[in-house]
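Asker: Take this structure, written in structure tokens, and hold onto it; I'll ask about it next.
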Amino acid sequence: MSLLRGNVAFRRYWSARLVSYTNDQLARTALLIAVYDRHGGGAVALLLLASTVPRLLGPLLGALADRFDQRRLMIGCDTAQALTYLAVALLAPPLPVLLALITAATTAATAFTPAGRSLLPRLVEREQLPAANAQLATGVNIGLAAGPAVGGLLLATLGLTATLLVDAATFVLSALLIGGVRTLSTTGVTRRSEPLHTVLREGLRVVRGHSVVRAVSVGFLVMVMFAALDNLAIVPLGRAELGATEVTIGLLGTAYGVGMVLGPLCLARAGVRIRMDLVLYGALLALGAGTLVTGLSPVIALAIAGQAVAGVGAGWHNVAADTLIQQNVPADRLGVVFGTVYMFPYAAEALAYAVGAPLLAVVGPRWVLVVSGLGVLATLGLIAPLLTRALGLRLPTPGRFAAANG
């Protein structure tokens with residue numbers, strides 16, 4: 001982890017990302033539990049909707065990162081979330097007002113994401129991007145895994161008001177960390193005179209016309225459409241097919257999270273010695289194969305192992321997708337590109353749930369997981385030639401794969 005040790009700006013940025021993503025999950029978990037206890041399941045659905053719909057504004061919010069200074073934008077997003085959760089904590093608003101505040105907080109979080117991904121190339125050298133993204137993914141995935149547990153623990157011990165006050169305070173900490181990132185280049189100063197609609201239009205033109213972005217975007221959309229079926233089938237598989245207890249079913253989710261941490265951690269140790277297109281192909285292979293193993297497992301232990309492998313693939317995919325975009329897209333268009341590319345998984349996830357629920361009722365959890373795994377593997381067959389051609393490379397043979405990673 002030499003970047004964390006030797007690059008102060010990157011270390012502050014890494015810490016801020018860890019804190020911010022942990023906060024997102026902490027607040028989400030605490031509010032879901034509290035809203036369910038006070039208002040019931042219908043209110044939970046409304047809360048989930050309020051925390052999802054703003055994600056579809058990714059292209060527009062990403063344009064802000066191309067139009068304005070990313071560091072200041074991230075500070076503004078963290079500050080907005082701190083004030084929002086402070087208001088929720090102190091006012092205990094009725095459900096309609098709470099939903100409006102959560103929509104505002106999610107909008108700020110959605111703007112934070114493309115700004116952060118666009119900022120990274122200004123903090124490290126181009127050849128350091130693979131290692132930097134791997135280290136970031138390790139920290140972010142730790143935050144995503146730890147946030148729900150921390151949120152539940154704080155809610156149980158301190159109550160909702162104190163939990164949200166802690167959440168607001170840590171968003172302030174994230175803003176302070178970003179504010180301390182001083183060693184930035186001045187990339188993109190000339191573009192800030194462009195109207196926002198021009199920034200958005202030109203960014204979307206890159207999404208449509210850039211072959212690497214197109215390949216990554218199509219891969220993201222198709223992969224998530226199949227991979228999200230896993231979420232519907234895991235609990236029914238454990239309960240109905242494997243006779244698992246609540247604890248062992250929980251281990252299925254834990255194994256996936258551990259894989260998402262370990263996968264990027266291994267890439268971080270590899271540093272710059274690995275090609276990101278090969279990482280993307282390996283990610284789809286691991287995710288698809290792991291999901292297949294889970295679905296076909298005769299015992300819970302093998303299903304847990306399958307989920308760990310699938311988690312490794314998911315962790316690799318995020319690193320590879322981010323790095324490929326950062327290495328191939330002009331710096332002044334990264335915000336819209338990232339905002340658009342990361343909008344696709346939300347649309348694909350909604351489609352997967354709409355199709356997967358009736359499919360689960362008809363064929364059962366094992367076959368849903370088989371469809372999920374085979375679909376992800378089919379995505380590899382679709383994307384490999386597209387991305388290889390876009391990068392001007394040849395599809396790797398086993399010998400060249402070993403040489404590229406040696």
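Every residue gets a Cβ built from N, Cα and C, even glycine.
TrEMBL entries are annotated by machine, without manual review.
Relevant sequence annotations retrieved from TrEMBL are reproduced here:
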type: DOMAIN; residues: 211-406; note: domain 'Major facilitator superfamily (MFS) profile'
type: TRANSMEM; residues: 41-61; note: transmembrane segment
type: TRANSMEM; residues: 168-190; note: transmembrane segment
type: TRANSMEM; residues: 211-229; note: transmembrane segment
type: TRANSMEM; residues: 249-267; note: transmembrane segment
type: TRANSMEM; residues: 279-305; note: transmembrane segment
type: TRANSMEM; residues: 367-387; note: transmembrane segment
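Let's see these features in context: how buried, what's close, how far.
Answerer: Residues 28, 31-32, 35, 95, 98-100, 102-103, 106-107, 109-111, 113-114, 200, 203-204, 207, 336, 338-340, 342-343, 346-347 of the same chain sit 6 or more residues outside the transmembrane segment (41-61) yet have a Cβ under 8 Å from a Cβ within it.
Sequence-distant neighbours of the transmembrane segment (211-229) (same chain, 6+ residues past either end, Cβ-Cβ under 8 Å): 280, 284, 287, 291, 314, 317, 321, 324-325, 328-329, 337, 340-342, 344-345, 347-349, 351-353, 356, 359, 368-369, 371-376, 378-379, 382-383, 386-387, 389-391.
Same-chain residues lying 6 or more positions outside the transmembrane segment (279-305) and placing a CB less than 8 Å from one of its CB atoms are 130, 216, 219, 223, 227, 230, 233-234, 237-238, 242-244, 248, 251-252, 255, 259, 263, 267, 311-317, 319-321, 324, 365-370, 372-377, 379-380, 383-384, 387, 396.
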Asker: Mean pLDDT, the domain 'Major facilitator superfamily (MFS) profile' (211-406)?
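Answerer: Here the predicted model's pLDDT, averaged over the domain 'Major facilitator superfamily (MFS) profile' (211-406), is 85.
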